[in-house]
Amino acid sequence: MLTKFETKSNRVKGLSFHSKRPWILASLHSGVIQLWDYRMGTLIDRFDEHDGPVRGVHFHKSQPLFVSGGDDYKIKVWNYKLHRCLFTLLGHLDYIRTVQFHHESPWIVSASDDQTIRIWNWQSRTCISVLTGHNHYVMCASFHPKEDLVVSASLDQTVRVWDIGALRKKSTVSPADDILRLSQMNSDFFGGVDAVVKYVLEGHDRGVNWASFHPTLPLIVSGADDRQVKIWRMNDTKAWEVDTLRGHMNNVSCVLFHARQDIIVSNSEDKSIRVWDATKRTGLQTFRREHDRFWILAAHPDMNLLAAGHDSGMIVFKLERERPAFSVSVDSLFYVKDRFLRVFEYSTQKDTQLIPIRRPGSVNLNQAPRILSYSPTENAVLVCSDTDGGSYELCIIPKDSYGRGDVVQDAKRGTGGSAVFIARNRFAVLERSSNQVLVKNLRNEVVKKSALPIATDAIFYAGTGNLLCRSEDKVVIFDLQQRIVVGDLQTSFVRYVVWSPDMESVALLSKHSIVIADKKLVHRCTLHETIRVKSGAWDDNGVFIYTTLTHIKYCLPNGDSGIIKTLDVPLYMTKIYGSTIFCLDRDGKSCPIIIDSTEYIFKLLLLRKRHDQVMSMIKNSELCGQAMIAYLQQKGFPQVALYFVKDERTRFNLALESGNIEKALESAKKIDEKDYWYRLGVEALRQGNTGIVEYAYQKTKNFERLSFHYLITGNLDKLSKMMKIAEVKNEVMGQFHDALYLGDVQERVKILENAGHLPLAYITASLHGLHDIANRLASNLGENLPSLPEGKKASLLIPPSPVLCAGDWPLLMVSKGIFEGGLDEAGRVADEDYEEAAEADWGEALDIGEVDDMKNGDIGMVVEEDDLHEEIEEEGGWDLEDLDLPPETPEAATHARSSVFVAPSPGMPVSQIWVQRSSLAAEHAAAGNFDTAMRLLHRQLGIRNFSPLRSQFIDLHIGSHTYLPGCTSAPVVSVAVERGWSESASPNVRGPPALVFNFSQLDEKVRAGYKATTAGKFSDALRYFMSILHTVPLIVVETRREVDEVKELIIIVKEYVLGLKMELKRRELRDNPVRQQELAAYFTHCNLQPPHTRLALLNAMTVCYKAQNLSTAANFARRLLETNPSNENQAKTARQVLQAAERNMKDAAQLNYDFRNPFVVCGATFVPIYRGQKDVTCPYCTAHFVPSQQGQLCAVCDLAEIGSDASGLLCSPSQIR
C-alpha cells in the first residue's frame, strides 16, 4: 500500500472523492463533515450543521455540490463554493446510512434505517420515489454507473437490485401532456410503480452491510456480518451467486470493485483492508491497523486512488506504483509497458516493442519493474523489481529484435536490492543482508565484492566505476576501484537521482525536496515543495527542470525556482531538447511538451551577468508580470524592472529605488499628484538635484520649502519674488521670513508696521539705523515708546552666504550600467522632454500661476498696482501665468546631462559595523555606542555603577577615531582606526576598532602597585589596583590563554584591594585596639605575594604583641618563620616573640579571629565568614560578603551589584566563536 495522505480525527463513516479536484470529503461520527485537499495535505473547510453522526456523503460529478445524510434523519445539500447548506430534504423516519447523486439525472438516492430507500429530485427538492421491500435497516443504496438500476443491501440478509426505468421515463414526459399528467398523479396518489425489485439476492447468513456494482461488467459484490464477500452475476432475467471470498475475521463493512484493475477491495471491523483477485477469486494482500476498525471505502472515479475510513481518521492510498520503469540513453528511451520492454527514439518519435519481460511468479501487488539500467555498447538491460524482496533480470537485446518484439530471451536472474550498470560490461548488485556490493559481468558471474561505507538500502549510477549509495538520511559517492568515499551529503530520503549530461551536477529528488549538488556531492542549493516531486531532467543551460504532481517547474543554480506550466495529470520527465520536454505518462505513452523557457533563461542570464543578452531579451521578448518585477527588485535590479512596467505609479517607485531621478520625473508628470511630487522632491534633494527639487516644490505649491531652498542655494532673485508672492497671497509670516532670509530691513519694518506691531517695527528701525522711519513710528507710538536695552551692542541679522550657488551638487562619476540608456524604447523623446523640464537652470519660470483664493487671476496685474512694479519690469517680464519652461542652451544641457547621475547608495558607518559584529563592551564603547556597552557590562558582569568607567569610555571612543580637517567651511572628517590594519588588507573588509587599553599596560600597573605596597604607600597602591579593576571590563585580548590570565589578574587585584582597604581602615582606628588587631589579623589571610605576606604577618605580630595578646602574636610569629624570611631581622624578631609568648601563652583581649577555622573576609564589614556560613559574592571581582549586603554596590570594585546574576567576563572574540 502506498499511503498518499492520512488524517487523525473522529471516526470516519462516509467518504467521497471529487471527480476533478484533489479533494476528499470525510463525514465523521461527531457530526462534522471535513473537506480535505489530499495532495497538499490541508483541511480546506468544515461543515457542521448535522446533529449527530453523518454516515453518508457524496460529491456531485459536475456541480459545486455535495449531499450528506445523518442520524438526525436529514439529508442536506451543500454548495462548497458558498460554504453553506442550500436546503434540507425531510422524509426519512430513522438514521440515514448512505446518500449518492445520480451521474446524469438530478436525483439523490438515500438508504435509511426506516427500511426504505428514497429517490429525491434535488432541483425540485422533492421525494420522487420510495422503494419499500426490505424488512430491516437498509445499510446502503447506490445507482448503477450506466443503467437504470439501484442496488441496496440490508440487515434482512438480502441484496436487492431495483429497476428505476419507469422513473426515468416519467421524468422525461412532456409536461404539456395533460392526460398523462393526470394518470401520473393518480398513480402517485395510490402508490405508483416507479421502481420495481428486479432481483433479490439471498445467500448471506447475516445482515449485509454493503453492495456495489462493477463499473462495466454485470457483476455485484457484497459484504456482510457473516464475514464473507460474495460476487454475484446478473443478466436480463436473473441473478446468481458466483463465488464467496473468505478471510475476514469480523463483519465486512464495505466492499467495491477497483475501477482500473481486476481486483476487489474490502474492509472490515477486523481492522484490515483486503485485496482480492477478481478473476482467480483469491486473496492478494492484507493491510492491517493496530487499533482501528474500518467502516467505509471510496474509489476515485478516474484515478488509481482509494480511501478508507476508520475509528481515528482516514487514509488515501494507492495499491500499486504507476511510475513506469525507464532509462534514457542518448537518443533512446527504454521503458517497460504491459510486460514488454519498449524503446522510443526521440529524433523520429518512433516507438518499438523489443522483448517480453517475464511475469512475476508471486501473486502479490507491486511486483512490476521499478528500475531500468541500460548499457548501450553491449545492448544489455537490467530490469529490477521488488519480487522476492528485490530481484533483477539481465537481458541482452538481440540486434534483429528491433521491431519484432516476440523473441523470448533467456534472461539471467538474481536477487538484490538494486542493480545498475557501472561500466560497459559490468554491473553492481546491492546485497542488503551483508551491506556489500557484488560487481558482476554479463554472464552474471561475481567478479568482485566491496563492503559499503554506510548502511545502504539502494544504489544508483554515479559515473563509470562509481556508485551513489543511499541510506535513510545520507548519500555518499563510493569509488569501487579505490574503495574510497569521494563525497557525502546529508539529505532527506532520496528517491531518484538525476545526473546532468556532463556528469558535473546531480539532482537528488526526495518526496518534498530537491537537492542540487556537484559531482563530489558539494551542496549547491535545496528546494522545498509542498506537493510531491515526481521527476526531473537537466536542460542544455544547466537549469534543472522538474515535475510535481501538478506543475512543470525550474530550478536555477542559485536555488531560485518558478512554474513553467501546469499539468492535468502527473508526468515523468525523460529528456529535454531545447524547449521540448519529453515525458512518459502513467500509461507508458511518450508525449512531447513545448514549453516557454523565456522566464528562466532571462533569470539565468541575469544570474550569470550576461547583460548584453539580458538587454536583447528585454527588447525582443514579452516578459512582464508582477512576479518578474518583484524578482528583479529582490535581486537588486530595480533599474531593469523599470522596462517591464507600464503602470506609472510602479515605474515611479522603481525609479526612486534605483535612484533614476529622470525616469521618476517622467512618471511624476504623468501621475501629477501631490504625494508623488513630494517624494520626488525628497529624492532629488538627497541627490542634490536642485533643479528638480525646485520644480517639485513649485508643483506642490510648497512656498515655505521653496523659500528655504532658494536661501540655501543662494538664489536671491527668486527669493525676492517669493516675498512678493507672499505679499500678494497676504501671508504675513511667509513674507516676514523671506524678508529675514534676504536681510531686507526696510521690508521687515514695513511688514511689522502693516501688521500693527508698531513697537517691534520701531525697535527694528532704530537698531538698523533707519532713523527717519524710527522717528515717524515714535510720533505714532507717543507714550508707548519701548525702551531699548542699555549697554548692549546690537548685531545685524545677515543671511549666510551659500556654499554653492544655484547648480546641482557634484555627483560621483559612475560608469553607466549596461541597462542605462541602451534600453530606452522611447529613445530620445523622453530625453528631450526631460531636457526641457529639468536640465535647464529654469530661468524665471516660477510656477505661481494658480495662487489660491485670488480675486484676480493675473498676478502681474496685482503686482502692477503696487508701487514696486518698475522693479518687476526690470526682471525681464516675469509672466507668472506662463508655466512653459524655457529652452536651454545646448552647452548647459550637456553639462547638466553629465553631472546628473544615479548616486551610489551610502555605505554603513564603520561604528555601526563594529556594533553589529561584536558582543564585546569595549568595542561598543569605541564605536560610541555607550548605551549598549553599559547594557552588555550589566548583563556580563552585573555592573551597576558606571561613573568610575566614564573616563575609560570616553578615552576608548576618542582613541578609536582620528579626525582630519576638510575645507574651511566644512566640519572635520572622522575616520575610524582599526585594530591590526595592514596595507595588504582588503579595503572592503572592516577590522575591529583600535583600543587604547591593553593587557601589557595592566601588567605595568600591577608592578607599580606591588612597589607602592612594599614601600608602605598604601593609598597609592590602592589607587593603582582600583584603576586596574576599573579597566579590566574594557580590555580585549585575542587568545583563550590570555582570557584566563585576565581572570587570574582580577582575583589577584581583588585580594590586594581588600587587604589594603582593611589596613587603611586599621590606621584610622586609634582608640579601638581590639578592632585594630582583628583587621591586622585578617590582612594576613589575603592572598598576597610572599614578601607582602611576610610584612603583613610582621605587622599583625607587632600589633598583637604590643596589646599583650601573646598567644595570637605567637601564631603570627610561627607563620612568619614558616615563610623562610630572607631578612634576618624579621626572623630574629619572630623568634624573640615566640620565646616571650611561651612563658605566658595568654591573650589579654578576646578577638573575633579563629586561625584554625578557614574563612574569607567580608569586603564591606571586614568580618570573617567561616567555612559553612552563608555568603554572597560580587559577580565581577568575586569578593565575598555577608548575606545582608545582597543587592548593595560592591565595596571592593565599586562597580557591580552584590549577588546579581551575570553571564561572566567576555573579553575576547575567541570566547564567542
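Glycine residues also receive a Cβ, built from the backbone N, Cα and C atoms like all the rest.
Annotated features in TrEMBL:
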REPEAT    47-88  repeat 'WD'
REPEAT    89-130  repeat 'WD'
REPEAT    131-172  repeat 'WD'
REPEAT    201-242  repeat 'WD'
REPEAT    245-286  repeat 'WD'
DOMAIN    341-585  domain 'COPA/B second beta-propeller'
DOMAIN    612-767  domain 'COPA/B TPR'
DOMAIN    816-1217  domain 'Coatomer alpha subunit C-terminal'
Remote residues contacting the repeat 'WD' (201-242) - C-beta distance under 8 A, at least 6 residues beyond either end: 136-137, 139-140, 142, 144-145, 149, 151-161, 248-257, 259, 264, 266, 268, 270, 276, 278, 281
DSSP residue counts for the repeat 'WD' (89-130), split into helix, strand and coil: 0 helix, 25 strand, 17 coil
Residues of the parent chain within Cβ reach of the repeat 'WD' (245-286), under 8 Å, 6 or more residues beyond its termini: 1, 206, 209-215, 219, 221-225, 227-231, 292-297, 299-302, 304, 306, 308, 310, 319-320, 363-365
Spatial neighbours of the repeat 'WD' (47-88) far in sequence, C-beta under 8 Å, 6+ residues away: 13-19, 23, 25-33, 35, 94-101, 103, 108, 110-112, 120, 122, 125, 301
For the repeat 'WD' (47-88), the number of residues DSSP places in helix, strand and coil: 0 helix, 24 strand, 18 coil
Summary of DSSP states over the repeat 'WD' (201-242), given as helix, strand and coil counts: 0 helix, 25 strand, 17 coil
Helix, strand and coil residues within the repeat 'WD' (245-286) as assigned by DSSP: 0 helix, 25 strand, 17 coil
Tally of DSSP helical, extended and coil residues in the repeat 'WD' (131-172): 7 helix, 20 strand, 15 coil
